[in-house]
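Features reported for this protein in TrEMBL:
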DOMAIN    53-173  domain 'Rhodanese'
DOMAIN    225-317  domain 'Rhodanese'
Amino acid sequence: MMMIVSIPVIPSVMSAPTSFTSPVIITPAQALESAAEYHRKLMSSGSSSSSGNMKKDRYVDATWYLNSNRDADEDYKMRRIAGSIRFDIDKIRDTSNDHVSSLPHMLPSYHAVNQWLRDNKVDISKERLVVYTHPGSCAGPRVWWMFTLYGLDAVYLQGGLIAWEAADGDVEWGWNDNDDSAADAAAAADDDAGVGSSASLIDEASANDAVKEYVATLQYINDTNNDDDIIIDARPADRFNGVAAEPRPGLRRGHIPGSINMPFTSVLQPDDSTSFNMDMILNDNNNTKVSSLLREDKKLKIFTCGSGVSAAVVLLADRIANNTRSLKGTKL
């Protein structure tokens, strides 16, 4: 099982605001306003490259489906946020040895992420990554977590592509196979020209510190008996209880002893894998088990699931609950 550690954040207690500002999630309306503000700063500076301290948003399609009958790459080519780039957790992953290569979407090395940044001409000193997915995918939080793990400025787009379209955000349709070869040629030219300086990439020291601090290992779970830790399992209840088989062959049924079940769907809107239930997450008067766990800020939380995707959904809900409260309801 994949496990993700969340460092607790002490929030200011308050009721859920009707509008929210968060360092980890934005609505399409907020994203569009941010883009407008960025262009206003460019215009006022009289320069095509100077926006003060404000970063430009780069949209990242992180769509991945557990159901192999759907092709996330084809969905991206058919319809996407205008100018967005693609991140596939099954292609950009750790393949350093035969064991990890046999496992799905293992956390990639910072070298692999840096190569992706170079290939897509992302300058982390000047750009913020906005992660979204197509409907039916819950992989956006996993890619958001990975970006933030390596110190990148990243946020999750509430509601994904469907909400973006509903807010009249620009969308591109269709794909020419020549686009692939053109992109490869552009990336090669950038490499020759030295595009992607070390200042705009993840450095090794930061990457190593991040992984050591945030990624829990099975050894930690086996060796530690700490009542201050909470292990939260994001799988559906039937899988947690061992009633249903795991979707991947060879995995045993059941759960880690002492862990608590919080299905990832419990923090999302009904029938919508891309939208968090903000009213439930931010409402301090809600005394459900899910809300109580999200409000817990004194204990170390370890999020687990089958392969490290749905665990990140609950982790992001936890970050939303704590970080958004700490802003005391200020609006964008």
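Cβ coordinates are placed from backbone N, Cα and C, and glycine is handled just like the others.
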Ask   = In the domain 'Rhodanese' (53-173), how many residues does DSSP call helix, how many strand, and how many coil?
value = 38 helix, 24 strand, 59 coil
Task = Average the pLDDT scores across the domain 'Rhodanese' (53-173) and report the rounded value.
result = 93
Query = Per DSSP, what is the residue count of the domain 'Rhodanese' (225-317) in each of helix, strand and coil?
reply = 28 helix, 14 strand, 51 coil
